[in-house]
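Peer 1: Starting off with a structure, shown below.
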Amino acid sequence: MAGGVVVNNGTGKDYPGKLTMFVLFACIVAATGGLIFGYDIGISGGVTSMNPFLIKFFPSVYRKEQAAEKNQSNQYCKFDSPLLTMFTSSLYLAALVASFFASTVTRVAGRKWSMFGGGVTFLVGAALNGAAKNVLMLILGRVLLGVGVGFANQSVPLYLSEMAPARLRGMLNIGFQLMITIGILCANLINYGTAKIKGGWGWRVSLALAAVPAAIIAVGALFLPDTPNSLIDRGHTDAAKRMLRRVRGTDDIEEEYNDLVAASEESKLVAHPWRNILQRRYRPQLTMAIAIPLFQQLTGINVIMFYAPVLFKTLGFADDASLMSAVITGLVNVFATFVSIVTVDRLGRRKLFLQGGTQMLACQIVVGSLIGAKFGFSGVADIPKAYAAFVVLFICAYVAGFAWSWGPLGWLVPSEIFPLEIRSAGQSINVSVNMLFTFIIAQAFLPMLCRFKFILFFFFGAWVVIMTLFVAFFLPETKNVPIEEMVLVWKSHWYWGRFIRDEDVHVGADVEMPAAGNRNGKVDPAKLAN
């Protein structure tokens, strides 16, 4: 093939292409949209463990915390405050609503302008939070941050999946999750530094510095090219062909271009994507768009990442030690994500899901047992430093398991499975379900910790068992499959194949339909004709 590397995708069709510097740069810039989400996840837990912040906005929580430390009262309940959890979780409710509006913007104006809008809105929210005088101003800023997150999370994974060559789609898409983890780590480091600022205004610096990742994605989006898929869908066919040549690094793009045009023409027949997505033939994708983000939140990861400093203070760490422990988990998160980047297109999505789930389950059992052995149900105990360090070790192992499985794959898989005609709507459902359960868990965690005590870790562990079994039986392998041919994977799956009729498959006349019944949902190249 002229100037390209043949992509062995296992579907009976080979698209020529290579990873060009143009595509790599565009994907890196787009992935920085994950910085705003990650920064907020890390920063909110840190500032809520800073005493000056609590004294100004949540004095009742501060008094309860001081009484717990002075009187050795229940450590599980000292942070339980509906207003405090509303500060953290209001962002995710706003992101849920914003993702539906982002779907229309992403489809009509293109992916890059949705990213730009998200960055600008997040920038305004950061300014409001940094200058907050009261709780109302604080939560209004959080709502604007949420709108920014909703737009970025809706558009960035789609952009990355559409720009990337099929054989490298996993690696490039996980750049989004890598940026989330970098954002979390930067937030933890900033919290550690600003907590030491004399005068008690360090929390303002932490909140205001959210403007930096917001500016990065807002400015970067202005220089991003549109994806060929989006250009075709909006009627710019000549520009799309030029862009496809540029992103694939070859002139031999006719076959892929024709498939994109066919997908676009079919998508234009769909006047109401929100209604069509409920059709029987889209049942597999819709199920995954709901189940995967739901399960991602029920792993319990946000218990660690939102409230890592709070959790470590609950375990008996001093202020600085709790923030440093959060920095340690942030470092683990970043480095473990690189494992996923390196392996996702080699091992595949299923193996990482299954291995990560097993590791997280084991760690949750150990952490729950260690905390239960010391605090019991009373929540009163002194934890030796060595014992606490042992707890942190298993928390880090849990974070690592999430960071190379459910973390990145929770965004990758839903973004690559939808056909073009319902892709924006499908991604909106993915983001909204993710944000809804992020909101619910953020709102419910501290009251649940107060009432369930150490049993909470076993609660999330039970969900990890359920989601790991779900992946084992119902998630097909999607690695190396061109995004416009993904229907073949579902058609060949032992369960999902029954929902898709032969006439529902439109991927080109040269591809023969695979027989259904493969338990793992892998398309057998031997059954396909070139």
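From the backbone N, Cα and C atoms, a Cβ is placed for every residue, glycine too.
Annotation source TrEMBL lists transmembrane segment at 19-39, 83-101, 138-160, 172-190, 202-224, 286-310, 322-344, 386-407, 427-447, 454-475. Feature annotation from TrEMBL assigns domain 'Major facilitator superfamily (MFS) profile' to 26-479.
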Peer 1: Out of 83-101, 172-190, 202-224, 322-344, 386-407, which stretch has the largest tally of CB pairs under 8 angstroms to the transmembrane segment (427-447)?
Peer 2: 83-101
Peer 1: State the residues, same chain only, that lie 6 or more residues beyond the ends of the transmembrane segment (172-190) and have a CB under 8 A from a CB inside it; answer 'none' if no residue qualifies.
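Peer 2: Non-local partners: 23-24, 27-28, 30-43, 46, 156-157, 160-161, 163-164, 205-206, 209, 213, 305, 308, 323, 326-327, 329-331, 333-334, 337-338, 340-341, 344, 403, 407-408, 411-412, 415-416.
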Peer 1: Where, among 19-39, 138-160, 322-344, 454-475, do we find the most CB pairs under 8 A to the transmembrane segment (83-101)?
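Peer 2: The stretch I would name here is 138-160.
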Peer 1: Which value does the mean pLDDT take for the domain 'Major facilitator superfamily (MFS) profile' (26-479) in this predicted structure?
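Peer 2: Reported value for the domain 'Major facilitator superfamily (MFS) profile' (26-479) is a mean pLDDT of 86.
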Peer 1: Same chain only, please: residues at least 6 beyond the ends of the transmembrane segment (386-407) with a C-beta under 8 Å from a C-beta of the stretch. Say none if there are none.
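Peer 2: Distant Cβ neighbours of the transmembrane segment (386-407) are 177, 180-181, 295-296, 299, 301, 304-305, 312, 315-317, 325, 328-329, 332-337, 339-340, 343, 352-353, 355-360, 363-364, 366-367, 370-371, 374, 467.
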